Amino acid sequence: MFKKRVIKDSRVSKRKIGDINEASEDAPDTQVTKKSTLITKKSDIQKKSVVMPRSSPQTPLSKSSSDDAAAVEVVSQKSKKGELKPLAANIKTTIITDFQPDVCKDFQQTGYCGYGDTCKFLHVRDESRQKIPIKKDWEIGGQKEVKEKEDIPFKCVLCKSDYKSPIKTECGHIFCKACFLDRYKAKKKGTCFICHKETNGTMVPVNIDKLSATQV
């Protein structure tokens, strides 16, 4: 439980004191050498610090390799804004710009719009009037003739192209024969595309000459 006391010899203590004195005598010499080494290191650092800024701006880009030059060109091209890359030869792009965004395209192409008078776009057919010769457009005919001209679109509403073997349904609307049969047989829709009345599959052929005369 209790620690034993160790009696130290006086000789050991004297030797330690002698060693400490010798170390203290050698210490100033080591301090002097350390100071000298520090001074030399500081002088070297100052020299290097003076030389480095002179050498840094003198590194021209011409000494860089071709790969580095190519990389610099790529970075400079990316930094430029508003420049487009050349298109690939195997890619073709078509751009369609709408110069009349306020005009109803369905009414302009076919002469019919499903929204009718509630459509928020303009119902204008100026371009279609230029294609078809107009005779005495300023004269106003009978009200019945005007109604007939307004009801008949100048193109098929289903395929949006010129009439091919046109037919008339029971409700009085005109379509292409192939378009009407495709809608009636394949899609199994027996109602009229314009007025949504039942047609029962009945259709009457219409003469193209008479149809072109009644169109606007």
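Placement of Cβ uses the backbone N, Cα and C atoms for every residue, glycine included.
Residues or ranges marked as compositional bias 'Low complexity' by Swiss-Prot: 55-64.
Annotation source Swiss-Prot lists region 'Disordered' at 19-38 (among others).
The region 'Disordered' annotation in Swiss-Prot covers 43-68 (among others).
Beyond the zinc finger (98-126), the same-chain residues lying 6 or more positions past its ends with a Cβ under 8 Å from any Cβ of the stretch are 152-157, 160, 194, 216. According to Swiss-Prot, the feature zinc finger maps to 98-126 (among others), an assignment based on sequence analysis.
For the zinc finger (156-196), the list of distant contacts is 109-110, 112, 202-206, 208, 211: same-chain residues at least six beyond its ends, Cβ to Cβ under 8 Å. Residues or ranges marked as zinc finger by Swiss-Prot: 156-196 (among others).
Each residue of the zinc finger (98-126) gets a DSSP state, and the totals for helix, strand and coil are 10 helix, 2 strand, 17 coil. Under DSSP, the residues of the zinc finger (156-196) split into helix, strand and coil as follows: 10 helix, 7 strand, 24 coil.
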